[in-house]
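Visitor: Let me begin by handing over the structure; questions about it come next.
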């Protein structure tokens with residue numbers, strides 16, 4: 001499929017490609033109404049309706065939030081569907097992880113933590129669980145001339161209504177970010193999964209590695225079962241930072 005041609009049919013001017021996946025592509029585009037935005041274009045058979053519906057439900061329930069990516073509109077073509085969304089101009093947290101020589105100061109880490117926790121609290125206030133918090137799904141944006149950076153939670157494809165009852169369900173999430181409860185036969189889909197994943201996200205951001213290094217679900221599950229808590233790395237010297245990080249990680253341990 002010629003995605004750029006499809007975008008033009010939807011009255012969007014493609015500027016350049018931001019990313020590509022099995023679903024389709026994400027483009028930076030210009031729209032006459034909304035200006036410079038991001039457009040996530042899917043082949044119709046690969047469109048994730050849950051992603052768009054979840055974002056709409058969150059916005060309808062609580063409105064927009066500075067730390068949650070705003071999904072603007074769904075446009076349908078003959079052979080494609082396109083989600084229009086707010087554009088975050090820096091990229092994802094992975095841009096920092098991939099540069100291990102860059103060490104963020106403690107006050108910056110704590111500021112990012114606060115923003116992401118405010119964002120997830122906003123999502124949780126609607127009764128939803130994100131279920132896929134990770135570095136790739138935290139976008140960074142700096143408004144022109146502001147000198148500030150805002151973290152924005154994105155990608156609502158795994159979002160599910162919170163359910164504290166035990167039930168059989170499919171495991172969702174990305175392995176290193178998944179808490180112990182997600183490996184049980186009967187799973188509670190609670191908001192704690194997101195808090196634990198935020199802890200793992202910041203551990204990765206600080207240490208440039210995960211606290212548990214395992215290649216398979218079975219190995220990872222076994223290691224989690226053996227652990228009472230995640231040990232404090234000697235590299236994290238700030239007590240306040242570790243106290244906050246350990247509380248996030250202990251939400252499941």
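Every residue, even glycine, has its Cβ placed from backbone N, Cα and C.
Feature table excerpt (TrEMBL):
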BINDING   40  ATP binding site
DOMAIN    12-253  domain 'Protein kinase'
Visitor: Please average pLDDT over the domain 'Protein kinase' (12-253) for the predicted structure.
Guide: 87
Visitor: Look up residue 40 (ATP binding site) in the DSSP assignment and reduce it to helix, strand or coil.
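Guide: DSSP assigns residue 40 (ATP binding site) to strand.
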